[in-house]
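A.B. asks: Below is one structure. I have some questions about it.
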Amino acid sequence: MNRDNMDTTKRKEDHTKHTTDVIEFYEEGTAASSLNIATEKANSSPSILRRIINRAAWLSKKVDAMGVESTGIQRISPYERGTSKKQFLHVAGLWLSATGGLSSMSSFLLGPLLFGLSFRESLASSLISVTIGCLIAAYCSIMGPQSGCRQMVTARYLFGWWFVKLVALASIIGVMGWSVVNSVVGGEMLAAISNDKVPLWVGIVIVTVCSFLVAIFGIKQVIKVETYLSVPVLTAFLLLYISSSDKYSFVNAYVSKGNLDSSTRKGNWMSFFSLCYSITATWGSITADYYILFPEDTPYIQIFCLTFFGTFLPTCFVGILGLLLASVAMSYKPWSVEYDSHGMGGLLWAGFQRWNGFGKFCVVVLVFSLVSNNIINTYSAAFSIQLSSVFCAKIPRWFWSIVCTIICLVCALIGRNHFSTILGNFLPMIGYWISMYFILLFEENLVFRRFFLHLYTKEFPTVTGEINGPELVGSSKEVEKDAVTNIHLLKRKHKVTKHRYNWDKWEDYEVLTHGYAATFAFIVGVAGVVVGMAQAYWIGPIAAKFGEYGGDVAMWLSMAFSGVVYPPCRYLELRKFGR
């Protein structure tokens, strides 16, 4: 018995030593290590190339020394995570700051201003759709603590090693699209309060650069800054409710555009519904990123509720205010002029205008809500880029944050005079892919990881002896019954875990699914998008049945199409390949 204890102690010491080595490796920075290797290989290269590589290696070491997060898409193991209850408060502050800002409000403005809906019509459409979007984002977030992986890394268990790159690309477009919108809005606000002394392009540069300076440092700093920003930002929005209240009598003066027939109004209502759904559902592509430091056994219900209420309450708080301001602008000429001249920034300044200098100060505070939203977008987009190839994964995250910032800045400068067009026509497309991703994840967890776990013979290979960890018996038909028995034992041993994944295999190409079923279901879902979308450049045959401009139902059709196709395809895939 003493010998067994000695063996156990030795294994623990070896495991601890290995863990220490891994942590030290990441603290030194994977980027610097990669560049040092490249330096050795470049000894025979031209001197200019050697100097460039040496300079890059020196820069990488300097950046790591500043405390910049050097880890990329690597999984955070359970023993590397925190256990403090303050994590819940920090993440709650993050959601307050990120979702309770002008990026959320901007879409609500379009109900009256673009779609011609009354305040009541816009309110009903937006609240229902935002609730659905928050439910989807909250469900996606539960993958964070159990996996220790970024959201798009967990998608490898659905789409496989290769096809997940397409999903990562969609995620990049989504979060960077919002960053472009935020940068333009920030520029409009600074131009409005300065009477155009600060040009629009200068304001865009200021917002973009400020976002980058925080996002480059890593998740711990991002969460801290977001928490600190949430208090002044939400206070400023509360003051805007008060300052603009003297004009609320104009809200009901505007009913809806009289030249819209009943069918067209319904179509516009549906399109606005889809737009507001995208505001919160899009968070589903990155929500898990901010729970990877939570303990592995954190109850799912806690993560779900924290994400749902953390996104729902702030979004509704600023969204309803946006509807009030937009409805006033439709019937109150001075505010309408401000919106036509300076866009959303002018409308916000109009709401604060009676407070003069203090009102301008409040507008500047609101700009920080755009910065806080961009911080999250820039931080998470870098991981999706790393997921696109092995080469990109070797390049440090902070470098890709720089690339994302440059792309965002260029796109914002080019599209700065087409804000409503970008927001109304492009961003709803983001909700299409997240709808399909959600339904596939939901079915994978609810059906296959619950009732067909014995078919995952690659992920859970044959072992003998005591069940310890995620390893299960059952890699062939002869031992399938034993596999089912052992799975039941494992579930009783780990009662907290509802969905079974072998997260240690997150980068094992031989174990991860091929992704044939998910990819095929995704493609079928795209067919639903084509027939159901209503945008300026395309109105699908089903969407065209709702009035002159159509009604966007692409999210729901794509979700339905993918959800019907995936189960039979996934079952066949598991039977054929065991993964």
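Cβ coordinates come from backbone N, Cα and C, glycine included.
In case it helps, Swiss-Prot gives these features for our protein:
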- 99-119: transmembrane segment (TRANSMEM)
- 123-143: transmembrane segment (TRANSMEM)
- 158-178: transmembrane segment (TRANSMEM)
- 199-219: transmembrane segment (TRANSMEM)
- 222-242: transmembrane segment (TRANSMEM)
- 275-295: transmembrane segment (TRANSMEM)
- 303-323: transmembrane segment (TRANSMEM)
- 363-383: transmembrane segment (TRANSMEM)
- 395-415: transmembrane segment (TRANSMEM)
- 422-442: transmembrane segment (TRANSMEM)
- 520-540: transmembrane segment (TRANSMEM)
- 546-566: transmembrane segment (TRANSMEM)
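Can you tell me where each of these features sits in this structure?
C.D. replies: Long-range contacts of the transmembrane segment (275-295) within the same chain: residues 76, 78, 81-83, 87, 91, 94, 99, 104, 107-108, 110, 125-126, 129-130, 132-134, 136-145, 147-152, 154, 170-171, 174-175, 178, 219-220, 223, 303, 307, 311-312, 315, 319, 376, 379-380, 383, 424, 427-428, 430-431, 434-435, 437-438, 552, 555, each at least 6 residues beyond the stretch ends and with a Cβ under 8 Å from a Cβ of the stretch.
Distant neighbours of the transmembrane segment (520-540): 159, 166-167, 267, 270-271, 421, 424-425, 428-429, 432-433, 435-436, 440, 546, 549-563, 565-566, 569; these residues of the same chain sit at least 6 beyond its ends, with a Cβ under 8 Å from one of its Cβ atoms.
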A.B. asks: Tell me whether the transmembrane segment (303-323) sits in contact with the transmembrane segment (222-242), defined here as at least 3 Cβ pairs under 8 Å among residues 6 or more apart in sequence.
C.D. replies: yes
A.B. asks: Should anything in the same chain at least six residues away from the transmembrane segment (99-119) have a Cβ under 8 Å from its Cβ atoms, list it; otherwise answer none.
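C.D. replies: Sequence-remote neighbours of the transmembrane segment (99-119) are 125-126, 178, 181-182, 185-186, 189, 230, 233-234, 237, 251-252, 254-257, 260, 265, 268-269, 271-272, 275-276, 278-280, 283, 310-311, 313-315, 317-327, 329-330, 339, 344, 347-348, 366-367, 369-370, 372-373, 420, 423-424, 427.
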A.B. asks: What residues elsewhere in the chain lie close to the transmembrane segment (546-566), defined as a C-beta under 8 angstroms and at least 6 residues from its ends?
C.D. replies: 260-261, 263-271, 273-275, 277-278, 281, 428, 431-432, 435-436, 438-440, 443, 517-518, 520-522, 524-535, 539-540
